[in-house]
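Data block below; observations after.
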Amino acid sequence: MDITYDDLPVEIWIRILKFMKDSAVNLVLVNTDFFKLIYFKKNKFYELKEFNFGMQKNYVKQRITLINYVVEKGYLDIIVYINNLKSNHNPLIIDNIKILGSISKDTALWYSCKNNNLATTKYFINKGASINSSSLPLKTACIEGHLDTVKYLFSCGIEIINSIYDCIVSACCYGRLNIVIYLSNKISIPGDYINEAFVMACKYGYLDIAKYLFNLDCSITVDALYGACINGHIEVVEYLIGLGVDPRKEKCWAITSACQGGHLNIIEFLLSLGIKPKEINVDAFYHACKTGNLEIAKYLKEIGADTITRRDWALELSARGGYLDVVKYIIELGVSQKSLNKALIDATLFCRVEVVEYLVDSGSDFRQNDDYLFRSIICTRDYVEMAEYFIMKGVNIIVNNNEPIKTVCHNGCIGILKLLIMYGVDYNPIKDQLINIAKSNNQSAIIKYLEDLDTLK
């Protein structure tokens, strides 16, 4: 039995909408009769958006307006229906504008091109959306690989300007060979754009596109090799070497790029071409370490590459990145006291607790420059765990006339404020000063906590 809007009392419809949660928007869009259910929505609809983090899928509840939703989905009949109601000043639209929302024609065109909704693309262009005020609709269609949409935009008389040429570069970044072929046949693309497109194709590993562009007589630069090396595209690397690209340029920067990307197979391949370890750029070791590639750092040492010249930098940036295994390895190789101290600053700045503890155990001076790390870094960032570690190690928590507690009040670091008081900082003589510092920096949580301290006692 079919159910219409008038078959059920309002209270039941409200319960149904609540029960359907993220699917409620689809109920409203079943037909024009059910569309009246938006009267019962107090807040915007929402849908669950899927986001992938590595191998794990996550869903985030995201508020949506009805018009954005139907445009994104390409529901042309509903779009036309809503626009007709709007043109007639229908109360259903006027009274529910918060739920319905609004969208410009140009934005709607962009959504349509992004999702390859050709029918809505045609509709919004006919309604006056501009295909020439921005290259975004065309560029988006190129990135997504929607050839039919790209063809239609050109059929509408799109202006050929520099931003249009850039679309072939964007298509190369996403491996859209069909788009690259169409654009190169449709318009005359300047050589600079073809050259950049070739570099992007190599960088992102699209060998088929690289080969196609090479046949268009593009210029081959070493930048294409660097991009392929850093991203681990061994087939592209082999292809470029076959074309005559010299891997020895800039002190074998191709190997340095592979070190940064963590691609041992590419390093070994390049060395097999006759490159000597001593020819490798001194930055190779540093780049391997700063990106946490311990295996490559060890490999460079084993083959006799320079691991000394940039060792201090390597330690500092591996500490900054929190790569404890790399930090341990570099310290085993031998570093100066100055290097240990600078690495501790970086690790503290980026709250790498395990690295900080290891560096301190290895001899880094955690009290350097009158407890600078504690008073000027930790106390400005509310690193509570690290603050307690430093306090337990013996930093002066009232250094420079109570600078730490003043700093946390200035920066709103309430966790460390509580910690300092717990470990015995006498706040009473300077309580008014601390409150004034917090007030001048709009730190309401600090103000409330300080004012409530006597009550808590």
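Including glycine, each Cβ sits where the backbone N, Cα and C put it.
The annotation repeat 'ANK 1' is assigned in Swiss-Prot to 62-91. The repeat 'ANK 2' annotation in Swiss-Prot covers 104-132. Among the features that Swiss-Prot reports, repeat 'ANK 3' is placed at 133-162. The repeat 'ANK 4' feature in Swiss-Prot is assigned to 193-219. Sequence annotations record features per position, and here Swiss-Prot assigns repeat 'ANK 5' to 220-249. Annotated repeat 'ANK 6' per Swiss-Prot: 251-279, in sequence order. Residues or ranges marked as repeat 'ANK 7' in Swiss-Prot: 281-309. Marked as repeat 'ANK 8' by Swiss-Prot: 310-339. Summarising the annotation, Swiss-Prot assigns repeat 'ANK 9' to 341-368. Taken from Swiss-Prot, the feature repeat 'ANK 10' covers 400-429. The repeat 'ANK 11' annotation in Swiss-Prot covers 431-457.
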Check your understanding: Are there residues at least 6 beyond the ends of the repeat 'ANK 6' (251-279) whose Cβ is under 8 Å from a Cβ of it, and what are they?
Key -> 222, 225-227, 229-232, 234, 237-238, 241, 285, 287-288, 290-293, 295-296, 299-300, 303-306
Study note, to complete from the structure: Sequence-distant contacts of the repeat 'ANK 4' (193-219), meaning Cβ under 8 Å and at least 6 residues beyond its ends, amount to 165-166, 168-169, 171-175, 177, 180-181, 184, 225, 227-228, 230-233, 235-236, 239-240, 243
Practice item. Could you tell me the mean pLDDT over the repeat 'ANK 9' (341-368), as a whole number? Key: 97
Point to revise | Sequence-remote partners of the repeat 'ANK 3' (133-162) [C-beta within less than 8 Å, at least six residues beyond its ends] | key: 106, 109-110, 112-116, 118, 121-122, 125, 168, 170-171, 173-174, 176, 178-179, 182-183, 186-187
Study note, to complete from the structure: Per the Cβ under 8 Å criterion, with at least 6 residues separating them from its ends, the repeat 'ANK 5' (220-249) contacts 195, 198-200, 202-205, 207, 210-211, 214, 255, 257-258, 260-263, 265-266, 269-270, 273, 275, 279
Practice item. State the non-local partners of the repeat 'ANK 2' (104-132) in its own chain: residues 6+ outside its ends, Cβ under 8 Å from one of its Cβ atoms. Key: 68, 71-74, 76, 79-80, 138, 140-141, 144, 146, 148-149, 152-153, 156-159
